[in-house]
Structure formats: C-alpha cells, structure tokens
Amino acid sequence: MAAKDVKFGNEARIKMLRGVNVLADAVKVTLGPKGRNVVLDKSFGAPSITKDGVSVAREIELEDKFENMGAQMVKEVASKANDAAGDGTTTATLLAQSIVNEGLKAVAAGMNPMDLKRGIDKAVISAVEELKNLSVTCSDSKAITQVGTISANADEKVGSLIAEAMEKVGNDGVITVEEGTGLQDELEVVKGMQFDRGYLSPYFINKSETGIVELENPYILMADKKISNIREMLPILESVAKSGKPLLIISEDLEGEALATLVVNSMRGIVKVAAVKAPGFGDCRKAMLQDISILTNGTVISEELAMELEKSTLEDLGQAKRVVISKDTTTIIGGVGEKHAIQARINQIRQEIQDASSDYDKEKLNERLAKLAGGVAVLKVGAATEVEMKEKKARVEDALHATRAAVEEGVVAGGGVALVRVAGKLSNLRGQNEDQNVGIRVALRAMEAPLRQIVSNSGEEPSAVTNNVKDGKGNYGYNAATDEYGDMIDFGILDPTKVTRSALQYAGSVAGLMITTECMVTDLPKEDKSSDLGSAPAGGMGGMGGMM
C-alpha cells in the first residue's frame with residue numbers, strides 16, 4: 001500500500017480553498033450577457049472556445065493533490081446542477097465558492113463548523129421554499145423564447161427555434177440537437193412515431209425518385225417473433241389482398257422464403273407490402289411493439305401469449321393514415337389508436353421514468369414517451385467553422401435543458417435578482433445559537449454572488465448595483481446587456497426556478513461538507529527511478545559488445 005500524505009485543520013482547509021478558488025475563478029468569468037470566453041487546449045486538433053461553465057470545470061485538474069481535491073469537489077457541484085437541470089452550472093459554482101470562502105473565515109475565527117453547516121442548511125431549505133413562492137408558470141411561447149434566449153447567451157434565434165420546436169412536438173416531445181451542414185440554424189420536425197429501422201429489402205421501394213416506401217392507409221401487422229415460413233402468413237395476406245389496402249409488417253426479423261415471397265407479391269402488385277424489423281432489443285423491443293400497437297389500435301402477435309400468426313385476422317392489425325419508410329427509419333403518421341388508451345400508456349411510461357434508476361433507462365423511456373406524445377424535432381445548428389459549431393451546439397443544448405426546466409417548475413426573475421429577493425425575505429431567519437446564525441448569514445451573503453459577478457463581468461461596480469437592486473422590490477433588477485434598471489420579467493430576463501433551486505441546493509450541500517472538513521489524505525508522489533534504471537542496461541550492453 002502506498003504511503004499517504006496527511007494534512008489537518010487550517011493547513012488542509014487553506015489548500016482546499018486554493019483549489020476551489022482556481023476552478024471557480026475560471027468558471028465565473030463566463031457568467032452573464034457580457035461574460036467572457038474561455039479557451040480550452042485539446043490534446044489534438046484546434047483549441048475549443050466555450051462560455052459553458054461545466055465545460056470549463058471539467059477541463060480543470062490541478063498539480064497539487066490537496067488543491068485538486070478542493071477543485072474536484074466544486075466540479076461535483078457544477079456536474080450535479082447540470083445533471084439535475086441542464087444549466088445553472090456557473091451559478092452553482094459561484095454560490096459554492098462564496099459559501100466556502102465565508103464559511104472557512106468563520107471556522108478560522110473559532111466558530112463551530114457543524115453549527116455553521118446547520119445554519120447554511122437551514123437557510124438553503126428556507127430559500128428553496130421562498131423560490132417556489134416567487135415562481136411563475138412558464139407555458140406561453142414568448143416566455144419559453146425568453147428563457148431559451150437567456151440560456152443561449154442572448155441568442156434570440158436559438159430561443160425562438162426552441163420555442164417553435166416545443167410548440168410543434170409538445171413539452172414532452174423529443175428535441176435533439178445536431179450539427180447542421182450550412183451557416184443557418186434549422187428546425188426539422190418529424191410528426192408521428194419514428195424509429196430507427198429501415199426497409200428489409202430495397203425491392204419494397206415504391207417512390208424511386210426519393211428511394212422511400214410510402215404506404216397510404218395501411219394495415220400494420222406486429223409480431224414479436226422471427227418469420228421465415230410464408231405458410232403461416234398466407235391467411236392474413238389473403239385477407240389484406242381482398243381489402244385492397246397495403247400492409248406493413250413489423251417483426252423481430254423476416255427472412256428466407258417469407259421475405260422472397262413478399263418481395264415477389266409486392267413487385268407483381270398482388271399485395272402492396274413492406275417489412276421492417278421491430279425497434280429495440282429484448283424487453284425494450286417488446287415494450288416498443290406494445291407502444292406501436294396502442295398507437296395503431298392493433299395487437300402484437302406474441303408466442304409468449306400462445307398466439308399464432310396463421311390464426312390472426314384483420315381485427316388484430318393496426319392501422320394508420322400513412323407510413324413512410326427510408327433506408328434507416330420508419331415513420332408511422334396518424335395512428336388510429338384510441339386517445340384514452342394512448343394517454344394511459346403515456347402515464348404508465350411517466351411512472352416508469354420516475355421509478356427508473358439508470359440514466360440509460362430514463363433516456364430510452366423519454367424517447368418512447370415523446371414518440372407517443374407528439375413527435376420528434378431536430379435542431380440543426382449552423383456555423384462557419386468547426387470550433388464555432390461545437391461552442392454553439394453546447395449553448396443550444398444548455399438552452400434546451402433550461403427551457404424544459406422552465407416548463408417543469410416555472411420561472412423567476414433572472415440576472416441574480418430572485419436570489420437577492422429571497423435573501424432579503426430571510427433576513428430575520430434565526431438558528432438555535434449564534435454559530436448557526438453566522439451560517440445563515442454566510443448563505444444569505446452568498447446569494448448575492450451571482451448578481452455581483454454579472455455586474456463585475458459587465459465592467460460596472462458590483463456593490464453600487466447590488467445596493468440599488470436591494471433597494472427595489474419584486475422583479476426590479478439590473479439588465480447588464482443594456483446597462484439599465486427595471487422589471488426583469490418585462491426585459492425578458494428569466495431563469496428557470498428548477499435551475500436556480502438546483503444550483504443553490506447542490507452548492508449548499510457540497511460547501512457544507514467542505515467547511516466541516518478537518519483532515520485531508522492523499523497518496524505521496526512516487527519517486528522517479530527511471531534515471532537509475534536507464535543507466536544499468538546501457539552499461540550491460542556495452543559489456544556484451546566487448547565480449548563480441
């Protein structure tokens with residue numbers, strides 16, 4: 001076991017504080033409409049430029065192991081805030097830095113660290129309740145545009161694109177961000193349910209100019225099994241042929257004579273048919289087939305339920321207004337499923353999302369939810385260079401997370417004003433003893449830090465502006481972009497309540513742990529023995545050369 005380097009008390013806390021300040025100072029320059037860029041060196045390729053707090057935080061590793069521990073703990077604050085709300089990482093880092101700095105001063109002055117932490121926790125819990133009281137619901141397109149614009153660093157085009165996407169696919173719809181091919185940002189909306197499976201044979205194509213399969217008002221056969229024997233399909237094929245409608249087959253796989261016979265029938269015009277593999281794998285495939293069956297009002301032919309393909313009838317088949325199949329995707333538009341059944345399925349998936357433990361499961365469930373609820377929108381980000389593209393894509397993703405958070409929990413006045421108002425309302429909050437009161441004051445003082453930093457980044461005097469804002473009421477605040485005072489809601493400067501709440505909670509949690517740290521342990525650096533080892537073989541080789 002490697003020897004350890006151990007530091008205690010004030011010596012440990014000073015080292016940790018240095019690390020906290022290095023990371024936070026690098027991150028906080030990005031805050032606000034006049035925040036600066038940070039250039040990140042890469043091991044290969046061009047450096048990347050960002051104004052995203054968590055991207056800066058993730059790049060920072062310090063040489064001194066004790067300082068690095070402090071930096072990594074604040075990095076955890078940024079990451080947790082990012083995971084919870086998708087934004088607010090810079091605010092969270094700044095709050096943590098302020099609480100740690102003020103808290104460690106109090107510890108050095110002889111205060112009890114545990115009581116300080118209790119005071120901080122009490123202030124944070126009360127502040128979260130006050131934030132909920134200040135929160136206003138965010139449902140109209142204008143408010144969503146404003147939130148997206150602020151989070152994308154005042155890029156109005158991005159804000160309006162996100163609002164348009166949410167309007168078209170609904171608040172639960174899937175919105176993905178991709179790198180575009182041109183200079184302009186674009187929005188592409190896919191209505192209906194789309195999944196990543198294309199046609200099994202190019203001979204199914206009936207639109208040769210576009211290379212796709214289009215089926216109008218088709219029947220849809222869903223089977224949770226491999227189909228290789230055409231005989232078991234003959235009864236249903238004959239029924240479909242008599243109806244004169246096309247047929248889409250979605251199965252685990254379709255191969256051998258079954259596929260060959262379908263291709264021949266399709267080319268001869270006997271039955272207009274197309275076949276695709278079912279989306280997903282294992283249990284996920286079963287669930288997605290069930291989703292499709294509910295959307296199209298059909299039944300999944302499953303051997304697990306002792307159902308046989310040859311006994312299936314037209315009543316077992318789903319229906320839709322239109323199906324479009326490309327080489328890679330299948331889109332079902334206008335499924336005839338009953339609304340109450342679809343809504344019940346949506347509610348069931350929402351419950352599964354709440355119960356899911358892994359991020360992967362949540363992601364897949366969210367995709368399924370969106371496909372049932374509304375559709376899929378793709379935001380294609382345009383830029384002149386690759387460096388700009390990456391920076392802009394990160395901003396658009398942040399803005400998207402922020403708008404989702406705003407729809408979920410509402411919005412509060414932005415520009416650091418909400419936290420200043422909360423701190424003002426809690427000025428009479430008291431703990432059980434004086435040390436807890438100091439902890440409360442530390443947390444309330446930290447709530448001014450985001451506003452102070454926004455003002456500082458815009459080149460103004462933080463104390464003067466902060467006092468002016470504190471003298472005002474309600475949503476009165478400072479617009480750093482235009483250098484004027486007024487109602488932040490009227491200015492369109494909004495922050496999602498969830499983002500502000502998450503930033504405060506995670507900052508308070510980690511900062512409280514750091515204040516109560518009394519000992520730090522790390523590995524001693526290993527001695528470099530390479531120079532001694534390097535000289536021995538050289539001498540040996542020389543001796544061998546002499547022998548030869």
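Note: Cβ is positioned from N, Cα and C throughout, glycine not excepted.
Annotated ATP binding site per Swiss-Prot: 30-33, Lys51, 87-91, Gly415, 479-481, Asp495, in sequence order, evidence recorded as sequence analysis. All chains included, 30 other C-beta atoms sit within 10 angstroms of the C-beta of Asp495 (ATP binding site).
Per Swiss-Prot, region 'Disordered' is recorded for 526-548.
For 537-548, the entry in Swiss-Prot reads compositional bias 'Gly residues'.
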Neighbourhood of Gly415 (ATP binding site), C-beta criterion under 8 angstroms, separation at least six: Gly32, Leu451, Ile454, Gly477, Tyr478, Asn479, Ala480, Met488, Ile493, Asp495
Gly32 (ATP binding site) CB neighbourhood, other CB atoms within 10 A: 26
Candidate with the highest Cβ count within 10 Å, taken from the binding-site residues Thr30, Lys51, Gly88, Thr90, Ala480: Gly88
Secondary structure of Asp495 (ATP binding site) (DSSP, helix/strand/coil): strand
